Each structure stands twice: as C-alpha cells, then as structure tokens.
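According to TrEMBL, the protein has these features:
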type	residues	note
TRANSMEM	32-54	transmembrane segment
TRANSMEM	66-83	transmembrane segment
TRANSMEM	90-109	transmembrane segment
TRANSMEM	115-134	transmembrane segment
TRANSMEM	141-159	transmembrane segment
TRANSMEM	179-198	transmembrane segment
TRANSMEM	229-251	transmembrane segment
TRANSMEM	257-277	transmembrane segment
TRANSMEM	284-306	transmembrane segment
TRANSMEM	312-329	transmembrane segment
Amino acid sequence: MTARVNETALAQPARRGAASLRARLGRSRASTALPAVVMLIVTLAVNAALQPGFFAADSLSSNLQSAAPVVLVCIAQAVIVLSGELDLSVGAGISLVNCLLAGLPGLGWGPWETYATALAVALGCGAVNGILVGHFRQSSLIATFATGAIWFGLALALMPQPGGAVPEALSNAFAANVGWIPVAALPMVFALVLWAVIQRHRFGRRLIATGSDQDAVFKAGLSVSRIKILGYLLGWLFVFISAACISAQTASGDARLGLSYTLTSVAAVVIGGISLAGGRGSMLGAVCGAFVLVLIGNVVYFAGVPSNYQEVFKGAVVMIALAFTFVGSRKNV
C-alpha cells in the first residue's frame with residue numbers, strides 16, 4: 001500500500017510537468033498566430049468598408065471559393081515547414097494535378113479513374129520529395145526546386161497549351177451549397193480537422209519535434225527520415241485537394257496555373273508566424289495568413305489600385321509579419 005502511494009506521489013509531479021509543458025506549447029502556438037489574427041481582422045474590416053455586401057451569403061460563398069485553394073496549399077506548406085523543411089515544388093505540383101484532372105477525361109478516362117490517378121501522382125511527388133530530403137538528406141530548398149522543375153515539365157508535356165475539361169461533376173459540386181454551407185468550405189474544414197487529429201496523435205507530436213530538434217528525435221531512437229517522408233506525404237495530400245479545388249473553379253487545365261502558389265504558400269506561413277526553421281507555430285496562423293493574402297487582393301481591386309501593385313501589398317504584409325516574428329523571437333530568448 002505504501003509503495004503504491006509513493007509511486008502515485010512520484011508520478012504526480014511528472015504529470016504536472018507534462019501538463020505545464022503542454023500549456024506552454026499551447027500558449028506559444030497562440031502567441032505566434034496572434035499577429036495573423038489581427039491582420040485578418042483588419043483586412044476583413046477594410047473589405048467590409050469597401051464592399052457594403054461583403055458579408056452577404058453570395059459574397060461569402062464567392063470568397064470562400066477563391067480562398068479554398070490558397071488555404072489548402074498553405075496548410076500543405078505549413079505541415080512541411082513545421083517538420084523543419086520547405087517545399088518549393090507545390091505550385092508545379094498543383095499544375096501537374098490540374099493537367100491530369102483536365103486531360104485524362106479527354107482520353108476516355110472516367111471521373112473516379114481520373115481522381116485516383118491524380119491523387120496517386122500527387123502522393124508520388126510527395127514521396128519523391130520526402131525520400132530526397134529525409135532518406136538522402138538533401139537540402140529541401142535544392143531538392144524541391146529541382147523536382148518542381150520536373151513536375152512543371154511533366155505538366156507542360158501533358159498540356160502544352162491551356163485546354164481540356166475537368167469532370168463536370170467536380171465543378172458542379174464545388175459551386176454548390178449544402179444547406180447554407182458552401183461546398184468550397186468543406187475541403188478546408190476536412191483539412192483542419194484532419195490536422196487537429198494528427199497533431200494530437202503521436203505522429204503529429206513527432207513531426208513537430210523533428211522540426212524543433214531533429215538531433216533529439218534521432219537520439220530518442222526514432223526514424224527522422226520516416227517522419228519527414230510521412231510529413232511530405234501528408235502535405236501533398238493537401239496539395240492534391242488544393243489542385244482539385246482550383247481545377248473545379250477553372251474547369252480546364254493550364255500547366256502554368258499553379259506556379260504562383262509556391263510563394264503564396266510560403267508567404268502565408270510567414271504571415272501566420274510559423275518559424276521557417278520548423279517546430280514552432282500553429283496551423284491557425286497559416287490559415288489566417290492565407291485568408292489575409294486573398295483578402296488583400298480584394299482590397300486592391302475594390303480600392304481601385306492597379307493590380308500590378310497587388311504583389312507590392314503582399315510583400316509589405318510579409319515584411320510586417322517578419323517584423324512581428326522577429327520581435328516575438330527576441331522576447332522568447
């Protein structure tokens with residue numbers, strides 16, 4: 001009886017320490033996302049001021065359709081960045097999947113055959129990136145820059161000129177509503193729920209720990225390469241969903257369609273307060289960062305500012321986010 005009491009007494013401080021650590025990590029994630037949340041509130045307010053009907057159902061549905069691909073590719077990039085790596089090939093991957101979704105039906109492929117093939121190719125791209133970075137220990141910047149050129153070349157080979165036709169069911173479904181909920185919101189909800197589940201699972205904790213301290217994970221006897229490969233696979237699942245959303249919007253294929261999404265995804269991650277060194281940040285911040293970038297485009301358009309200056313505004317927002325991140329990191333030292 002005494003032994004049991006002593007064991008319980010000894011276990012209580014350990015449990016309190018673990019709970020304290022989880023609480024600190026939760027506060028850290030919340031603090032990194034705070035600047036992005038503030039920026040999102042500001043951009044929402046500016047949009048509402050410029051567009052009287054901004055919060056109307058039709059306007060919200062349209063904005064969600066525009067935001068869905070951006071949010072999903074930013075979630076993909078955030079997963080990979082949290083593991084301590086980066087992926088410069090996600091934009092080219094979106095183009096490749098888009099060309100498959102638009103090109104295969106013209107060859108007589110059925111919708112489900114097309115979806116399955118495009119998903120398999122996307123996961124294959126993620127596996128190649130993960131193996132290069134995780135198993136062969138190549139720099140993620142160099143490796144994914146190279147594979148991005150390959151994915152883009154394959155997309156061009158499949159579709160030298162814009163064309164083709166995405167399965168009509170995909171476009172119709174994306175533009176529909178389930179009750180008052182736009183279908184465009186469902187892929188984002190799915191991605192966030194899936195990440196929330198994974199983050200609480202052993203794999204999610206190991207993924208973030210790898211980004212935070214790869215050597216410690218290795219010394220703990222865990223396979224760093226396996227964790228990184230799985231991280232890339234998860235990220236590319238979201239790349240596929242993002243590409244499917246874009247394809248549903250355009251209803252056709254274009255090998256250059258996704259190229260801008262690489263820098264957009266990195267910008268959203270930075271705005272969201274996720275450390276590019278890995279292991280620190282929250283998915284909430286990345287999602288807010290993605291919405292900020294989408295809404296900046298609206299502000300530029302409705303304010304009558306020439307569209308050429310949209311990238312200037314985006315760059316300024318990223319610089320502000322970097323300043324917030326720098327100040328936050330100085331406080332945590």
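Placed from the backbone N, Cα and C atoms, the Cβ positions cover glycine too.
Most Cβ pairs within less than 8 Å of the transmembrane segment (90-109), among stretches 32-54, 115-134, 141-159, belong to 141-159.
Of the recorded ranges 141-159, 179-198, 229-251, 284-306, the transmembrane segment (66-83) has the largest number of C-beta contacts under 8 angstroms with 229-251. A contact links the transmembrane segment (115-134) to the transmembrane segment (229-251), because at least 3 Cβ pairs that are 6 or more residues apart lie under 8 A.
It is 284-306 that, among the stretches 179-198, 229-251, 284-306, forms the most Cβ pairs under 8 Å with the transmembrane segment (32-54). Residues 29, 32-33, 35-37, 39-40, 43-44, 46-47, 50-51, 63, 66-67, 70-71, 74-75, 77-78, 188, 192, 264-265, 267-274, 313-314, 317, 321 of the same chain lie 6 or more positions beyond the ends of the transmembrane segment (284-306) yet place their CB under 8 Å from a CB of it.
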